[in-house]
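If you look up TrEMBL, you'll see 12-30, 36-54, 66-88, 143-162, 197-219, 225-253, 260-284, 290-319 marked as transmembrane segment.
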Amino acid sequence: MENKKELDISWASLWRIAVAFIIAVAVYYVSDIFAVLFLAIVISSALDAPLNYLETKRIPRLLGIIFIFVALLSVLTLLLYTILPIVVLEFKELFNHFDKIQSSLYKMLGISKFANAIKINIDTLSSAVFSGSFSFVDIFPKVFNNVLLSVALAVISFYLTLYRNGIEGFLRAVLPLKQEDHAIDIFYRSRQKIGKWMGGQILLSLIIATVTFIGLLILGVDYSLVLGVLAGIFEIIPFVGPVIAGALAFFIGFSQSTSLGIYVIIFFVIVQQIEAHFLVPVIMRKTTGIHPVIVVISILIGAKIYGMVGVILAVPVVVTLQELVEDYMAHKQRQSVLK
């Protein structure tokens, strides 16, 4: 009888392992869908505050959503058709410029393979933008998949945002009844932090990108537009990002003249002082409470797994995990007090 019981337990364990493995494989193959769903929740959370504000001005929520979506689509289309070709062209010229100094610099830093890989990608992208050289057969499946996911992202974001408690309704529909209230409480706490971080980060990146572009343009530094764009993108990475942007600008300025390189350093020091003592305290105060090192690591992991989408989702995922861990620790503490 004991042997039979042990055999039953063994088979039960194997069955659980098999089910867990099947679920893991299924999640892996539909990971893009989960990423789209999570990103839609993040977007809906970010749009909730401005939509609530528009409602206070007696603008219907549906009309507000349509206005915001049309505005975002218009800005994105404008960027794609006007600024993107210029940025890609400047990127190509920038890497052609680096050909003059990359041998010594990249060997010294030990990143020659990495730099060459980036150069190849930029050359490929610029060729696609300006000559359309990609094979239709090769690129169509990827383009179709990306377009389909983008449409799904827009549709899901729209329906989650359409109602004031749209995300809460969605969570109640998919979560077990016993866990609904608890999970929704965690979601609202996470959403508040994510919304503050995302809004603050976008504003900070736009300010730094604009100031960097204008400053470098006035100084006469080549490729000021692409350097400004990179400064805004790198701003998402605490500490390290601004240093990378400043180093790139310095090398470009220094290659033009020694004095210009020095002026670039002075300019970036001034920008960083203004950012550290004014912009960050005002814009980013009390956003997530996550240590900057964890933010950097999460961004690197996100970029490795999902590329740019992973970079965007990295901090929201970490914020959610932080809320889950804090909630679990608080629950354990309450249990220990009761004992």
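Residue numbering: from 1, along the chain as shown.
Cβ atoms here come from the backbone N, Cα and C positions, even for glycine.
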Counting Cβ pairs closer than 8 Å to the transmembrane segment (225-253), the top stretch among 36-54, 66-88, 143-162, 197-219, 260-284 is 197-219
Distal contacts, the transmembrane segment (260-284) - CB-CB under 8 A, six or more residues away: 197, 200-201, 203-204, 207-208, 211-212, 215-216, 219-221, 242, 245-246, 249-254
Positions whose Cβ lies under 8 angstroms from the transmembrane segment (197-219), at least six residues beyond its ends: 42, 46, 49, 225, 227-229, 231-233, 235-236, 242, 245, 249, 253, 260, 263-264, 267, 271, 275, 279-280, 283-284, 287-288, 315-316, 319
